[in-house]
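Student: There's a structure below that I have some questions on.
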Amino acid sequence: MLGDARGSDDAQDHERKLSDADKKNPEMNKPLRDTELLPDDDGGPLYAAGKKIYPQSVSGSFRRIKWILMAVCLGIYYFLPFVRWNRGLAAPDQAVLIDLANNRFYFFFIELWPQEIYYFTGLLIVAAVTLFLMNALGGRVWCGYLCPQTVWTDLFYAVERLVEGDRRERMRKAEEGWSMQRGAELVLKHSIWLMIAWWTGGAWVLYFADAPTLIKELVTFQAPMVAYIWIGILTATTYTLAGFMREQVCVYMCPWPRIQAALTDEWALNVTYKYDRGETRTSLKKAAQLRALGEQVGDCVDCNQCVAVCPTGIDIRNGPQLDCIQCGLCIDACDNVMTKIGRPTRLIGYDNDINIHRRMEGKPEVFKPLRARTVVYSGLIAAIGAVMLYAMLTRSLLDLNVLHDRNPVAVRLSDGSIRNGYTIRFLNKRGFDRVVAVDVDGPPNAVIHVVGSDSITPDRPMIILARDTTTELRVLVDSRPQSEEDLAPSTPVKFHVTDIGLGEVATAKDVFVKP
Amino acid sequence: MADHAHHAEIDKVTGTATTGHEWDGIKELNTPLPRWWIWTFYACIIWSIGYFIVYPAWPLMDGYTKGLFGYSSRAELAVDLANLDKVRGDKMAALATAPLAEIEKDPALLALARAKGKVVFGDNCAACHGSGGAGAKGYPNLNDDDWLWGGTLDQIEQTIKFGARSGHDDAHQGNMPAFGKDGLLTKDQIVIMANYVRSLSGLSTRSGVDLAAGKQLFADNCSSCHGDEAKGNPELGAPNLTDRIWLYGSDEATLIETLTNGRGGVMPAWTGRLDPATIKAMAVYVHSLGGGK
């Protein structure tokens, strides 16, 4: 692995210390209690019933960050299709548009053709390495703050809380059974959920057609069937995944938690319960008494607030676990409690095992954001980004692809000269028609002829390339060598296409062969 | 399995219940799947039964179960082809009405004619002329500029329509007589003639052959079809003997064979088999291969 450059003495030293510390306290990483080891009611069956989770509302800095990111992400998703971008009359004026019918992708000033799909490949590689970098720096940043599953689930929980009340109320109502009010609340909650889900599906299809036009068509039932079908599909998936599947998606369906577990290292900062400070858990009263006696007690008062706010229903104090999406809400919950009882905050915080051990040994904390893997990841992102940017800025808006005839590869004409046929596809990526001249050089006395182009300049065919499209033409090249030896069995040939107005030139190479 | 609930043993290290199964001291941890997962699995099974009923699914001795939807990929293809014809209908109509000479000047019509012509050529002509029209011995190369029956668009269309020696009333007629077999020329005269014909396009001749005699023989026997200058005559399908292109070969032996046994390759008539618009497309396609005049 890239980041596994743990060759330094420092790191080896550190590992030795880790294992020493482990011997002293074998359950270091797992401050589980025996009472927690009891199986739940159906500890035996092979299929576990889902446990409904009722996350409690919480306020604090991480909750604020999550609200802001949710607003930004959803704002972009829902409103981006309405942003306009003037590209002249020839092209659509939607800033971001995936025009499947015409095989074009528009993103503000960029227009991509299907054959330029490799830009997306580059973008996906950059995105993947960015995820790796996030993981190396701050753990599951993506899962906790940015993943659509997290964002929409968070939104759906907010709706649930608004309609049914907070954790305790919801749990009470779930147990109480049916009443008119309960029914009305459920209808209201599911209606709002469905509306959000429907809007989510609706926004999705707007990326594939002119948004204002499509909306007009949608409300007058004039839109293509496929638009309604996709709105239906995305309404259903949003409603199901954010309303019902929720943390099950992260725990059982998503591969990313597993991949991240393999990617992480001991220096990455993760949402961590600092058990060096927290253990032994002691009730508030008892802790005060013990402290008065000058004894060392843990800061954790076992209030279970971190568990109550957790959207995946886990106990962060059990150490790093697959189910933890690292949203940071337990940090807020714990900070609120610590503030109230007058103890320092961040008993739960972004931390790692290394620093827990160092603190236990009375050493200062060490943070290493600059490590081999973070440097390599950043370098990769910068390099790939630079290559893509360079390719994007220097890409040609006039191009040609040459395909040599395969059968016959060459033809001898009645006067002894030799002809090769080519199929050339000309690409005009500009938004206007243009006239180009086609030239050839390479074989002796080469003459070029474009089938179907009547040229006033016989030796230099002129063709019209329609705007924003490709033109495929058959091109014949005749060579009349002085003698047979004058022409090699295979001669390199170059085709030049020159925009008469702009002077833009594109060149392609091929070969000219003898029969 | 109900037993497990009572006797569930907890693994100390992971805090997970075991299934109670033990092999050589190693116990199996019970990490149950979520129940919704198994319901999804059952739903898939039910879905597959539905799929089995409505779609073709099971082979029988004389066919297969057709399914309630009566789906068949062949029928779907037929629908797609019909749709394609419908979509292309206007363009093909334009192709059918456009004068032959105008098609190459209109980029859209040219592209259509070339696309259509290429497919039809592959289906009907490639067997003799080769997939790219490169030809073979006795089957003309359609990429070069040497045409037995003329290389203008009209002439090409004419040849495709009615063929050569095809039996059609309007077909091109005219044979290379069998000068040797029919006793029109002696063997010696044929050798002289073969060498003389080679000399017309600058090819080497056998030493000691009387080319002057060849010239006289040519004037007496051949020039009526091939012309005094031996430049050929597309009316009769008589090839130009002074160029570098030979349908059957230019070596002495092949020429002697040609002179002795005659030649008369057959090109079928396509009118009646292909509709006029298709023949037009094919004429444009062949013309655009490069040799057309």
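Every residue number used here counts from 1 along the chain in the order it is shown.
Placement of Cβ uses the backbone N, Cα and C atoms for every residue, glycine included.
TrEMBL entries are annotated by machine, without manual review.
Quick caveat, the model's predicted, so the values are computed rather than measured.
According to TrEMBL, the protein carries these features:
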TRANSMEM  B:36-58  transmembrane segment
DOMAIN    B:112-201  domain 'Cytochrome c'
BINDING   B:Cys125, B:Cys128, B:His129, B:Met267  heme c 1 binding site
BINDING   B:Met176, B:Cys222, B:Cys225, B:His226  heme c 2 binding site
DOMAIN    B:209-290  domain 'Cytochrome c'
Student: Could you state the CA-to-CA distance between B:Cys225 (heme c 2 binding site) and B:Met267 (heme c 1 binding site) to the nearest Å?
Tutor: 20
Student: For the domain 'Cytochrome c' (B:209-290), how many residues does DSSP put in helix, in strand and in coil?
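Tutor: Helix, strand and coil residues of the domain 'Cytochrome c' (B:209-290) number 38 helix, 6 strand, 38 coil.
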Student: So of B:Cys128, B:Met176, B:Cys222, B:Met267, which of the binding-site residues has the fewest other Cβ atoms within 10 Å around its own Cβ?
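Tutor: Relative to the other binding-site residues in B:Cys128, B:Met176, B:Cys222, B:Met267, B:Cys128 has the fewest Cβ atoms within 10 Å.
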Student: If you measure B:Cys125 (heme c 1 binding site) to B:Cys222 (heme c 2 binding site) at Cα, how many Å is it?
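Tutor: Between the alpha carbons of B:Cys125 (heme c 1 binding site) and B:Cys222 (heme c 2 binding site) there are 31 Å.
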Student: Other residues near the heme c 2 site, CB within 8 A of the CB centroid of B:Met176, B:Cys222, B:Cys225, B:His226?
Tutor: B:Asn221, B:Ser223, B:Ser224, B:Leu236, B:Ala238, B:Leu241
Student: Give me the long-range Cβ neighbours of B:His226 (heme c 2 binding site): same chain, 6+ apart, Cβ under 8 Å, in sequence order.
Tutor: B:Phe218, B:Gly232, B:Asn233, B:Ala238, B:Pro239, B:Asn240, B:Leu241
Student: So, in DSSP terms, is B:Met176 (heme c 2 binding site) helix, strand, or coil?
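Tutor: B:Met176 (heme c 2 binding site) sits in a strand per DSSP.
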Student: On the DSSP side of things, how many residues of the domain 'Cytochrome c' (B:112-201) fall into helix, strand and coil, could you say?
Tutor: 41 helix, 5 strand, 44 coil
Student: Rounded to the nearest angstrom, how far is the Cα of B:Cys128 (heme c 1 binding site) from the Cα of B:Met176 (heme c 2 binding site)?
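Tutor: So the alpha carbons of B:Met176 (heme c 2 binding site) and B:Cys128 (heme c 1 binding site) sit roughly 20 Å from each other.
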Student: Let me know the most crowded of the binding-site residues, choosing from B:Cys125, B:Cys225 and counting other Cβ atoms within 10 Å.
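Tutor: It comes out as B:Cys125.
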Student: Between B:His129 (heme c 1 binding site) and B:Cys222 (heme c 2 binding site), what is the CA-CA distance rounded to a whole number of Å?
Tutor: 28
Student: Measuring Cα to Cα across B:Cys125, B:Cys128, B:His129, B:Met267, which the record gives as the heme c 1 binders, how far apart are the two most distant ones in Å?
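Tutor: With B:Cys125, B:Cys128, B:His129, B:Met267 as the binding residues for heme c 1, the largest Cα distance is 10 Å.
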Student: For a quick check of understanding: given the listed heme c 2-binding residues B:Met176, B:Cys222, B:Cys225, B:His226, what is the maximum Cα-Cα distance in angstrom, as an integer?
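Tutor: This binding site's residues have a maximal Cα-Cα distance of 10 Å.
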